[in-house]
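Features as listed in Swiss-Prot:
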ACT_SITE  154  active site, proton donor/acceptor
ACT_SITE  158  active site, proton donor
BINDING   9, 10, 11, 12, 13, 14, 98, 99, 100, 124, 125, 126, 127  NAD(+) binding site
BINDING   37  NADP(+) binding site
BINDING   155, 164, 165  (S)-2,3,4,5-tetrahydrodipicolinate binding site
């Protein structure tokens, strides 16, 4: 069965990889793209997309109404991603979203909408399979090491901090670890923020520098030992195997799934 796909954000770095993925996959068809510019033009007319035929829409609702794609791949910004996800569900389009910034309230509201429409949706803070495994391994380790800190490192153009992956990792760890205050009970920051942000007592540190793509390490400490679990994405192609899996899986879902780990066997 051919899956007809609309891509939001095709000119971004992740969006370009998604366009290439769709073009290279026999049972995927690029039905349309959603962009801030070039309304009414064809993607093939844009530099870097020679031979890639797809109508360009600046209005997501009009795209969904006229093209009726099976799936939306959204790799845009938190604000646009939230708007596109809700619109897609209302028009019966299954969203696969790699945008971070969704709150628990957003997830709850969108889950209800997906179930009302009886269609699937997948929102994943990270589509790299290795990163998802890192999160799963961290959750396993937290049962035995309750002292933990997270360091995430990304390119200096990333808008949100901490990353969605770091927050998701902390949430998974918190599910199996008692909430606690780490470090010395009388610890004092001599420079505000030196110990990082906190999620349920878990310090999270964000690094933003040119040269990085997406990297994270989870450091556990115990008596006489430490355990470090680290994942590195050196190229945005690392995310595409997860995007492909999500597109194929969302066609068979009837609810929203948050996190790629829930669809990995």
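Each Cβ is built from the backbone N, Cα and C atoms, and glycine gets one as well.
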Around the Cβ of residue 13 (NAD(+) binding site), the count of other Cβ atoms that are within 10 Å: 12
Distant-in-sequence Cβ neighbours of residue 9 (NAD(+) binding site), under 8 Å, six or more positions away: 15, 34, 35, 74, 75, 76, 80
NAD(+) site span - longest C-alpha distance across 9, 10, 11, 12, 13, 14, 98, 99, 100, 124, 125, 126, 127, in Å: 20
Candidate with the highest Cβ count within 10 Å, taken from the binding-site residues 100, 165: 165
Secondary-structure category, per DSSP, in which the residue listed as 'active site, proton donor/acceptor' falls: strand
Residues flanking the (S)-2,3,4,5-tetrahydrodipicolinate site, with Cβ no more than 8 Å from the Cβ centroid of 155, 164, 165 and excluding those residues themselves: 100, 125, 126, 152, 154, 158, 160, 163, 166, 214, 216
Close in space, distant in sequence - residue 164 ((S)-2,3,4,5-tetrahydrodipicolinate binding site), Cβ under 8 Å, 6 or more apart: 100, 101, 102, 125, 126
Nonlocal neighbours by CB distance (under 8 Å) for residue 11 (NAD(+) binding site), same chain, sequence gap 6 or more: 35, 46, 48
